[in-house]
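Beneath this line is the structure, given in structure tokens, with notes to follow.
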Amino acid sequence: MASHAGQQHAPAFGQAARASGPTDGRAASRPSHRQGASEARGDPELPTLLRVYIDGPHGVGKTTTSAQLMEALGPRDNIVYVPEPMTYWQVLGASETLTNIYNTQHRLDRGEISAGEAAVVMTSAQITMSTPYAATDAVLAPHIGGEAVGPQAPPPALTLVFDRHPIASLLCYPAARYLMGSMTPQAVLAFVALMPPTAPGTNLVLGVLPEAEHADRLARRQRPGERLDLAMLSAIRRVYDLLANTVRYLQRGGRWREDWGRLTGVAAATPRPDPEDGAGSLPRIEDTLFALFRVPELLAPNGDLYHIFAWVLDVLADRLLPMHLFVLDYDQSPVGCRDALLRLTAGMIPTRVTTAGSIAEIRDLARTFAREVGGV
């Protein structure tokens, strides 16, 4: 069922929302995960942490919305923005990773290199893309306790607003590159197997935007090394739609092993996630990420999925099930998007931290990340 906890959990966000005035009312979905799946554990006297992951296809408006949010809130110690690690991607981890990715796809599309050659480059580049997220998640994880829900939960002592969750580079973009022919399904599942366990209080904000407007926004923005690739745009939009459907499928009782036989291997159009879908019907497995992996490369001679790949799909289900999913309507002004995000935070779930010093350590971690790898 939809989770309605959290009205008292984000006072700074709430105050900014009230100060920003009325909007046109286009907000986003309520969280799709059941309330209380992870009740507060540990010392109830310890402070709470709210983590918000703004994710979705590139060019939809995530960074602009986050910038509007931070500007509205103003400088404060209890809210920290964690940007994309562009300096790591372009300098520290490798040289011009984004340029390498787009050029490799372009060369593959023109027939200048083979799919195998492209896959080698893409897989290596995607490791670079995922490293900052995976490392940061690992350092943060020991500080995250159980979910703090109910009237006794205090307001967050610290809120982190992340530009993307680790699943972007460990699941969504590898899957999109697979759809583009520049990564193998085996490589995609290798990344999935490395997805870290989902910590309590993972509030994931995806988004919807008409494709024509999305393409127009992407064409107008300037990012280092980026090409306007409409085929890739369609692929990544499809993957994020599948992601939203998969979370809802799992949280509404879907079991991929039981439904696997319904897959035929023929891809169909994927329904867009509905921002107002709080506790709707069970999505079909055909409309989830599981459908991408019923392909000959992963099947044994008898037609069954090899056990090793099935175990990876179990990992995928395990990682997605606990997420608190929100869907933001980006088809409005930056201020409208900001206000919609502010309203969404009322339903987000914080967690207790694990030590008295955790809040200070987490704040320092986030600021170090932003300072060291968050530049352009």
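Residue numbering: from 1, along the chain as shown.
Backbone N, Cα and C define each Cβ position, glycine as well.
Owing to the predicted nature of the structure, the values given are computational and were not obtained by experimental measurement.
Taken from Swiss-Prot, the feature region 'Disordered' applies to 1-47.
Swiss-Prot lists G56, P57, H58, G59, V60, G61, K62, T63, R217 with the feature ATP binding site. A C-beta separation below 8 Å, combined with a sequence spacing of at least six in one chain, links K62 (ATP binding site) to I54, D55, G56, D163, R164, G207.
The annotation active site, proton acceptor is assigned in Swiss-Prot to E84. In the three-state DSSP assignment, the secondary structure recorded for E84 (active site, proton acceptor) is coil. Residues near E84 (active site, proton acceptor) in space but far in sequence (CB under 8 A, at least 6 apart, same chain), listed by position: T63, D163, R164, G374.
The substrate binding site annotation in Swiss-Prot covers Y102, Q126, R223 and is backed by sequence analysis. For R223 (substrate binding site), the Cβ neighbour count at a 10 Å cut-off comes to 15, with all displayed protein chains included.
Residue pair R223 (substrate binding site) / R217 (ATP binding site) shows a Cα separation of 12 Å.
Annotation for Y102 (substrate binding site): same-chain Cβ neighbours under 8 Å, separated by at least 6 residues, are G225, E226, R227, D229. It is 21 Å from the Cα atom of Q126 (substrate binding site) to that of V60 (ATP binding site). The Cβ of H58 (ATP binding site) lies under 8 Å from the Cβ of L218, R223, E226, I236, each of these being in the same chain and 6 or more residues away along the sequence.
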